[in-house]
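Listed features, source TrEMBL:
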REGION    1-85  region 'Disordered'
COMPBIAS  32-47  compositional bias 'Polar residues'
COMPBIAS  48-61  compositional bias 'Low complexity'
DOMAIN    95-585  domain 'Major facilitator superfamily (MFS) profile'
TRANSMEM  129-148  transmembrane segment
TRANSMEM  160-179  transmembrane segment
TRANSMEM  185-206  transmembrane segment
TRANSMEM  218-240  transmembrane segment
TRANSMEM  252-271  transmembrane segment
TRANSMEM  315-334  transmembrane segment
TRANSMEM  355-376  transmembrane segment
TRANSMEM  388-411  transmembrane segment
TRANSMEM  418-437  transmembrane segment
TRANSMEM  449-470  transmembrane segment
TRANSMEM  482-505  transmembrane segment
TRANSMEM  563-581  transmembrane segment
REGION    588-626  region 'Disordered'
Amino acid sequence: MASAVQVQAQPRIPLPKESEPMLVCAPDPPGQQHNIDASNDKTIPNDSSTASIEASSSSPPIEKPNDAPPTSAPQHGDHSTNPEASRTKLQTTIIMLSLCASVFLAALDTTIITTALPTISEYFHSNAGYTWIGSAYLLANAASTPSWGKFSDIWGRKPILLVAVATFFVGSLLAGVSVNIGMLIAARAIQGIGGGGLIILVNICISDLFSMRNRGTYFGVIGGVWAISSAIGPVLGGVFTEKVSWRWCFYINLPITGTVFILLCFFLHLHNPKTPVWEGLKAVDWAGSLTIVGGTLMLLLGLEFGGVTYPWGSAKVVCLIVFGILVGISFVLNEWKFARYPVMPLRLFKTPSNIASLGVCFCHGYVFIAATYYLPLYFQAVLGATPLLSGVYLLPLALSLGLTSAVTGIWIKKTGKYLPAIWFGMSIMTLGLGLFIDLSASRVWSKIIIFQIIAGIGIGPNFQSPLLALQTGVPQRDIATATATFGFVRNLSTSISVVIGGVVFQNEMQKRYPSLVAALGLETANLLSGNSAGASVGIVKALPARQREVAREAFAGSLRTMWIMYVAFSGLGLLVSLGVGSRKLSKEHEVTRTGLVEEERKRREDKESKLAAKRERNGEGGKEEV
C-alpha cells in the first residue's frame, strides 16, 4: 500500500516508466534532490549505491504537487487512496462471496475425499492410492504457498488470483475424468497448487481491500468458512460416493470455480501494474522458489514415509529429512545474500513481535489440526461411528470454531485490539485440548459435545489475530510476503503435527501390544498395534463384546497420551504469545501498489536501511574506542 507522502518543495526524480531504459543516477550534491518514497512516508536521498532502477510497470507511483501538505493521512473522499470509499455494499458483498467460495473449495478438497478414499482405491485397484490421493494435495498446497505471494507482488493480485482459480479448475477437471491412479494423483497435485494459491491470495486481497481495523472481520468470516467446509467435507464426500459417484467430489468444484472466476473478473478491482510476462519471469526469485519448494517437499515426504512406508531409520527417510533441512538452509542463505526480490525477505523476522506472531501461528496450526484429524479416529475406533457419521460428530467443534472466528473479527473491528483475542484463544484452546484427555472408552455425549465446543471457542480467535499482529509489524509493502509466510508456517505446522501425532499414537499402541496379544490373539493384536493401528479401526466393531472393549480401551488410552503432547504444545503457544507486541489497528487505508517498480523500491529501501544500521554500528564502535 502506498501511503501518503511527505513532499518537500524541491525538484523530483520520477521513477522510470515501462518503456524507458534503465537509468543510472549520479549521486546528488548535499542538500539537493531527493527521491520520493511513496510507501514508507519519508524521502530517501539519491545515492550511488542505489544507482539502477529496473522498471517494468506501466503505472508509475502517485506524485503529489509540491504544495501538498506533509501529512501521512489519506485525504477523505479521495478514492485513489481510500479504496473502501469507492465500493458499494453490493460490490463488497459480491467480492467477499467470491473470495469465501474460493476458500470454501480449497478447504473442502482437503477433507472431501477422506470418506471416498476406500472406494477410489478399490476402483483403481491401488493400495498406494489410499495415501497419495490425499497427500499429493496437501504437499503441493504447502510447498507452493510462499511463491504465490511473491507472484502477486510482481504481476498484481487480481491476475495471479485468477491464475490460481484457473489452476484449481483444471486440477478438479482432470481429477474428475481420471482414468488411472497416476493421473488422479497428478491432478490432485495440480489442485493442491491452485488451492494453496486460493487460500493465501484471498487473505492478501482482503489485506489490500480493507483497512487494518476492518480486515479482522473479513478474516474472521474466512476462518469460519474454512472451518465449516472442512467439517462438512467428509459428509459431502460420503453422500457423493454412496448416492452418485466419487467423481462428483471433484466435479462439484467446476461450476462454483467458473462462477467465482467470472465474478472476480468483473468486480475485483485492485492495482494492476500490467507487468509484462517475460519481465516478471526474469524478476522472480527462482532460486528461492525452487529451494523452498524442494526443501519443503523433501522434509514432508520424509515425515510422510517414516514409520509407514519405510522405517524411521531407513536411508530413504533419513536422507529426505536431512537433505530437506539442508536445502532449507540454502534457501535462507539465498534470501539473505543473493535474491534481488526475495520470496521471503528476512526483514520479516527482525522484530521479536513478528517472530512471536509466527510462533503463535505455528503452535495454533500444530494443535488445531489435531482436533480435526484425530477426533474422527476417536469417533470411529472408540465410539464405533462410520466415517460419514464421524463427520457429523465433529460439527460441535466446527460450528463453535467458525462462530468464534467471526465474532472475534467483529470484536477486533470495534476495539482495534488483537492481543486480548490471542491470549484468550490460546488459553481456552489449552483448556479444551486438556479436556480431551478425559475422553474415555465410554460414550458420554455431554463430554463429547461440551469439550468440542470449548476447544472450538479457543481455536477460533487465532486464525486471524496472529496474522493481524504480524501485518501491523511490517510496512505495507511487505504485507503480501508476510501473509504468504504466515500461511506457509501454518501449512508446515499442520503437516508436521499430523505426523508427530501419528508417531505418538502408534508408539502408545505398540506399548499395549502384550496386553492386546493376551486378550485378542496374535493376529488381531498385530493389526491393532504400531503402524497398522490407524488403518485397522474397522475391525474393532467386528470383535466380540469383551474383546471389543479391550481394543477400545487401548485406542482411548493411546489417544489420551497424544492429547497430553498437544496440550503441552498449546501451552507453549500461550507462552510465546506473551512476546507479541500490541498496536492499535488503524482505520485508514490506501491503495496497495504492486509491480517491478515497487519491488525495486523495496529493494532499495532495504539496502538503505542496512547501510544506515551499519553506519550506526560503526559510529557507536568508534565512540567506544575513543
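Cβ coordinates come from backbone N, Cα and C, glycine included.
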Outside the transmembrane segment (418-437), at least 6 residues beyond either end, the same-chain residues with a Cβ under 8 Å of its Cβ set are 216, 360, 363-364, 367-368, 370-371, 375, 408, 411-412, 447, 451-452, 454-462, 465-466, 468-469, 472, 560, 563-564, 566-567, 570-571, 573-574, 577, 580, 582, 585
Near the transmembrane segment (185-206) in space but 6 or more residues beyond its ends, with Cβ under 8 Å, are 99, 102-103, 105-107, 109-110, 129, 132-134, 136-145, 148-149, 152, 157-158, 160-161, 163-172, 174-175, 178, 215, 218-219, 222, 226, 250, 268, 270, 467, 479-480, 483-484, 486-487, 491
Inset, instruction - With pairs restricted to those 6 or more apart in sequence, evaluate whether the transmembrane segment (218-240) and the transmembrane segment (129-148) have 3+ C-beta pairs under 8 Å. - result: no
Contact count check, CB pairs under 8 angstroms to the transmembrane segment (482-505), set 129-148, 160-179, 252-271, 355-376; argmax is 355-376
Sequence-distant contacts of the transmembrane segment (315-334), meaning Cβ under 8 Å and at least 6 residues beyond its ends, amount to 285, 287-288, 291-292, 294-303, 305-306, 342, 344, 346
Outside the transmembrane segment (129-148), at least 6 residues beyond either end, the same-chain residues with a Cβ under 8 Å of its Cβ set are 106, 109-110, 113-114, 117-118, 120-121, 160, 164, 181, 184-186, 188-193, 195-197, 199-201, 289, 292-293, 296-297, 300-301, 304, 308-309, 343-344, 481, 484-485, 487-488, 491-492, 495
In the same chain, residues at least 6 away from the ends of the transmembrane segment (355-376) whose Cβ sits under 8 Å of its Cβ atoms read 111, 230-231, 234, 349, 387, 390-391, 393-394, 397-398, 401, 422, 425-426, 429, 432-433, 436, 452, 455, 459, 462-463, 466-467, 469-470, 473, 485-486, 489-494, 496-498, 501, 505, 559, 562-563, 566, 569-570, 572-573, 576-581
In the same chain, residues at least 6 away from the ends of the transmembrane segment (388-411) whose Cβ sits under 8 Å of its Cβ atoms read 115, 216-221, 223-225, 227-228, 230-235, 238-239, 242, 368, 371-372, 375-376, 379-380, 421, 425, 448-449, 452-453, 455-457, 459-461, 463-465
Rounded mean pLDDT within the domain 'Major facilitator superfamily (MFS) profile' (95-585) lands at 89
